[in-house]
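First the structure, in the form of structure tokens, and then the observations on it.
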């Protein structure tokens, strides 16, 4: 197994600030916008962006929720391991709101397809955007593309992109792992 | 989330403690789902479930049907009184005919103890026991323990008394298995005539004084007097039963602590508990009903994940 650093801590820092600025450009005061971190790994990115918006750009009170997509996935009974559910926590209305889905890696697009179905259980959003730290190009199974991307990566199928966060893993770093 | 150790839910006595914890953790997720504006998930859209009720039921049947529909399973309902069983068809023939229609899972209530176990050995489908005679009612016991866990934080170490007709109650037996497995202390309380002879061998104490039982417990699970199963008189009169084993507001207020009152339903108001107790804040009867759907969703989901494609 070999691994290559795709993004260092410093690069992640710069990218997160750029993504936060792009969000502000498109949404201004966030009165009608909500951020939804996709469980499990999109949550850290969503929390980090929400913190940057509040602390560095003075955009406070942005609604931040977590969406678990386990029961909406299309591979139930297809994998070797049972699907593991996570917590959904959306304590605000999404009806007529601009929803921004936040996930760490966009790969096949199936998770986002599941998230698009899952969010409908909470109401009908006015529109939905997708923000992702890593966009794995050429790996898509479905016609889904991000509106905001941190870094576009060309990776072959055996390779894996792993995103580590300081809060969870002790450091901010993105690896490209070859098994 | 790991896997259940069983392919069928036939009774609590076949489960391990980890199975119960897994069901509870999964039910936590489904409880959140059923409190959403849209309470349905598409997980089981390729699964067909037959609800086979050979005995009357209101809440269990409704609860299973809701759980199945909220998981997007296809559901067929069968009740014995309107079927070929009335013409003399055997259980295996009836079920095999239904399974020929490509049913993946059977939820069965049957008046005979062991009907679910028998069926699981003869048909190729996942079986969930929704009550078999006086034997077990596993999903009821799971939702009861889940409700205790929800209210008190944990089941282990809690004192639970099961009051009433222990002899005829599948709820009592499954509850005893489930509570003991999770480390609760269990007593049963009721007339001696309604106590099975083997009851102490299950690790529970028998108490015949209701007041002493209530003073000891954190939770009192009140059972219905099952008149339909009583072929002889087990106590002189309903009035005397109520005086000795019925819970009313007066006795609850005289205790130096606030205990939790549970009841699997249906309630004989004024017999096991009075209306003011059933409708009080101490009673978690409606929470039990709500939790029943989440627990049954969890059980069906976990068993369905083991059905091979």
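Each residue, glycine too, has its Cβ placed from N, Cα and C.
Caution: TrEMBL annotation is automatic and unverified by curators.
TrEMBL lists B:59, B:60, B:137, B:140, B:265, B:266 as binding carbamoyl phosphate, and of B:109, B:211 the one it places in that same site is B:109.
Considering only the binding-site residues B:265, B:266, the Cβ with the fewest other Cβ atoms within 10 Å is that of B:266. Other Cβ atoms within 10 Å of the Cβ of residue B:60 (carbamoyl phosphate binding site) number 23 in total over all chains. With respect to their backbone Cα atoms, residue B:87 (L-aspartate binding site) and residue B:109 (carbamoyl phosphate binding site) stand 19 Å from each other. Annotation for residue B:224 (L-aspartate binding site): spatial neighbours B:164, B:165, B:263, B:264, B:265, B:266, B:267, B:268, B:272, criterion Cβ-Cβ under 8 Å with sequence separation of six or more. Around residue B:170 (L-aspartate binding site), a 10 Å sphere centred on its CB holds 23 further CB atoms from the protein chains shown. Considering only the binding-site residues B:59, B:87, B:109, B:137, the Cβ with the fewest other Cβ atoms within 10 Å is that of B:87. Those residues of the chain, other than B:59, B:60, B:109, B:137, B:140, B:265, B:266, with a C-beta within 8 angstroms of the mean position of the carbamoyl phosphate site C-beta atoms are B:57, B:58, B:63, B:130, B:131, B:171, B:264.
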